[in-house]
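Novice: First, the structure itself, so that you have it in front of you.
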Amino acid sequence: MTLLEGSVGVEDLVLLEPLEQESLIRNLQLRYEKKEIYTYIGNVLVSVNPYQQLPIYDLEFVAKYRDYTFYELKPHIYALANMAYQSLRDRDRDQCILITGESGAGKTEASKLVMSYVAAVCGKGEQVNSVKEQLLQSNPVLEAFGNAKTIRNNNSSRFGKYMDIEFDFKGFPLGGVITNYLLEKSRVVKQLEGERNFHIFYQLLAGADAQLLKALKLERDTGGYAYLNPDTSRVDGMDDDANFKVLQSAMTVIGFSDEEIRQVLEVAALVLKLGNVELINEFQANGVPASGIRDGRGVQEIGELVGLNSVELERALCSRTMETAKEKVVTTLNVIQAQYARDALAKNIYSRLFNWLVNRINESIKVGTGEKRKVMGVLDIYGFEILEDNSFEQFVINYCNEKLQQVFIEMTLKEEQEEYKREGIPWVKVEYFDNGIICNLIEHNQRGILAMLDEECLRPGVVSDSTFLAKLNQLFSKHSHYESKVTQNAQRQYDHSMGLSCFRICHYAGKVTYNVNSFIDKNNDLLFRDLSQAMWKARHPLLRSLFPEGDPKQASLKRPPTAGAQFKSSVTTLMKNLYSKNPNYIRCIKPNEHQQRGHFSFELVSVQAQYLGLLENVRVRRAGYAYRQAYGSFLERYRLLSRSTWPRWNGGDQEGVEKVLGELSMSSEELAFGKTKIFIRSPKTLFYLEEQRRLRLQQLATLIQKTYRGWRCRTHYQLMRKSQIVISSWFRGNMQKKHYRKMKASALLIQAFVRGWKARKNYRKYFRSGAALILSNFIYKSMVQKFLLGLKNDLPSPSILDKKWPSAPYKYFNTANHELQRLFHQWKCKKFRDQLSPKQVEVLREKLCASELFKGKKASYPQSVPIPFHGDYIGLQRNPKLQKLKGGEEGPILMAETVVKVNRGNAKVKAHTWTPTPQPDPEPWLVAGRISSVGSKGEFLLVSEHVIELLTKICRATLDATQMQLPVTVTEEFSVKFKEGSLTVKVIQGPGGGGTGKLSFKKKGSRCLEVTVQ
Ligand SMILES: Nc1ncnc2c1ncn2[C@@H]1O[C@H](COP(=O)(O)OP(=O)(O)O)[C@@H](O)[C@H]1O
Ligand SMILES: [Mg+2]
């Protein structure tokens, strides 16, 4: 939005045409009627009290003004607060916000708006919020105890307040310090008609519950208290009850303990009750007037409330101890004096309580040492006051306002014009009223009114308000801003409005007539020591702490500084403080005297505009330059706007500034180059510069962001890539591992199956089909074992002839058994053979041969077997007679026996016997002959007892000699060829069959021979 577009009147009076007092007021009026209560004069804010709630303070507005610079939006107190806060935060400049104006013009409201705006924009966080809360909540507490309804303002601050809000380098609030100036304590005991005492008393009576009231020994009815104006107990639109609750919660938020809150309320109650202590005339015995208390109950209750001996309190109220270095004199007080003492006590208690409260709040909101802070001071001091009857309080209040006006003049009008001169800027001086002369009149160290007052207070001898006035009259008779009856008379002026006990000062804001009554007293501000001592004796910790001088040990005879001197010094400190900061002005204007909305009194506003010097302000502003700054800091701020000065500039500051502004092609009218500073005429140009700077900053920020983001994205990308590689390698690895595991598992499974299958196969082999075999084998083996062992133990005798052999236990051993039997037999035979001598062997061979020849062929063979072959049956060898039978034949004799020869002729049997040997012969028959000679005589037939032996030996001998087997025929019927013919021989088995072998021959015919075997 541009400055003029859609605005009501002009928003900045600098643009006003024509520039006159009237047009200025009309412009304000026009705007006021359209509810535009704020107007600028450059960067000074003029605020006209709307006396109504306007919808321009909500969060939306806060947000709006926070984002725009001063001239971009409609004039608003938020714009000013924002400018101050941003300058504090961004340029590191301590700020002060000076709010001036008459009582009821809206200063306190303005200060609260500034604070709430700053609180809303200055950072967030739990810690910060609690600091903000504490700072904001100090307002309701101080207002309850320091504000009161006056005729001009229902919520008039009856004290001056300067609050320093402290911030850290980021612009976050850390805490603060409150300084209070001179509470109007006379209000505690007396109020003008239509005014009220301090709010707290009404809030307490309306808001405290019955229990609390009882504890404080109070009654709800405000009419029952002498210190409360009976005709004005309520204020329109003010809810004392609700405000009391607000007060209590605010105190809690700030950090007051419940005990502290209770004690504060007790002291407030004490003040109220003190007002009800009624004093009456009494006389001492010697007729000297004295005073006493009408009803002891009030004092009694006070005593109980604060732990004070009521008798002591009564004595302190009604008498006074004069103490000199040598002696102590107690004098009684008359009723007026006693009332004065009581009221002085009440005022003192209350004002000290108020100071205590401020200190207590400061304790809570103070900032720890060591932190570097930036400070924003907000000054809300009582406005200029012109009452019907102006007293000491109005005097100091107006003095203070005079001083503030001086600050304004110094910093805006005077200083500005002087600066142009200093800087060599062409300048036509703008006339304005410099109130330095009035300030001097009041505060001059030797010849000022305050100095005179102090002098009167300290001067020995008779001192009164009138001697003080006389002194003033004498000293300032020629002063242009001082008047009194005496000076008027001297100039032969007649002014019935001027009382005899009055003097008048022409303040910057108008003439004010002060009544000197009680000036001395109020300046002395002395409390009788009896009273402070009595208070100190109270058991109530808070009350006691308010009167440290009551401690007899601390008692000093030195006078405390006077109220005026104190005030002056605190104002001086304040001024010093304000001069050290960057000022921001809010000029509050009261539109009417009746606190009425929408009503704009042209005259009233004219007066204010005049004394506030608004017109001069506009003139200086218009002729001058809206903005100035040293080249160095200007260059520092704006050098980024030019390529030649950014990022590095090596030339001089002024040169650099010229470069920057030259490149921006500013019109030369807009600029003035001073010796050390650059001056910029219109705020628009500054705004333009700021806008350019903002854009450039954005560009730079974008550049930084771009680079940073690029870097971040790159690093992020690299990180992601790395991570991706790690992840994918892990993933792949994992997949492969999984795959491998799967394969392994499968292989194992297959293996297991195969092995299982093999095992099962084996198992089947070994178990299912083999078990029976194994078992049967085992059983079989054990049976075999058993059988063999049994056999071993039960072997038959080794005799060959013993054919016994145990039968097999089982049938299937039969074969084996037979074999074993056979083996055993063979073994027995072998054994038998082995032990045979060769002779026996020979015998047996012969037997064997016999067996081969006859076994099975000859019936008598079996009987022959056991009979051994003797060969030489006749003893041929040993008998030499028989040797001739041998026929000279060499070698052994095969056989020699007696045989029966069948006669070849008749076939008679004749025994041929040789001399038998003596020994018995089992076979008496023996045949000897030469077989080779058969033929010529025919064959021969021999009967031999040992035919088998005989034949065997013949066969053997033949075999040995000729290798020919002799044919042997065994028959039962054969024929023999004899010389005469052949003979048939028949062998017949005898009937006996006894086996004796006895033969009997019987010739049957010629050709048959029957042989019967017995
Ligand atoms: N900006 C405002 N909006 C609405 N009412 C206001 C505003 N400023 C002042 N007032 C009204 O004017 C009264 C007096 O204002 P206050 O700030 O107490 O005056 P001062 O401190 O200058 O004596 C307030 O109680 C309030 O009703
Ligand atoms: Mg106020």
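Cβ coordinates are placed from backbone N, Cα and C, and glycine is handled just like the others.
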Novice: Given 226-248, 272-294, 571-593, 709-731, which one carries TrEMBL's region 'Actin-binding' label?
Specialist: 571-593
Novice: As a check: which entries in Glu102, Lys107, Thr108, the binding-site residues, place their Cβ less than 6 Å from an atom of ligand 1?
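Specialist: Checked binding-site residues vs ligand 1; flagged Lys107, Thr108.
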Novice: For Ala105 (ATP binding site), what residues in its own chain, 6 or more apart in sequence, show a Cβ-Cβ distance under 8 Å?
Specialist: Ser47, Asn49, Gly383, Cys588, Ile589, Lys590, Gln608
Novice: Can you list, in sequence order, the residues of the same chain other than Gly101, Glu102, Ser103, Gly104, Ala105, Gly106, Lys107, Thr108 whose CB lies within 8 Å of the CB centroid of the ATP site?
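Specialist: Near the ATP site, the remaining chain residues are Asn49, Asn153, Gly383, Cys588, Lys590.
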Novice: Enumerate in sequence order the binding-site residues Gly101, Glu102, Gly104, Gly106, Lys107, Thr108 whose Cβ-atom distance to ligand 2 is under 6 angstroms.
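Specialist: Near the molecule: Lys107, Thr108.
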Novice: Counting by DSSP secondary structure, give me helix, strand and coil numbers for the region 'Actin-binding' (571-593).
Specialist: 9 helix, 8 strand, 6 coil
Novice: Helix, strand or coil by DSSP: which one applies to Lys107 (ATP binding site)?
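Specialist: Helix, per DSSP.
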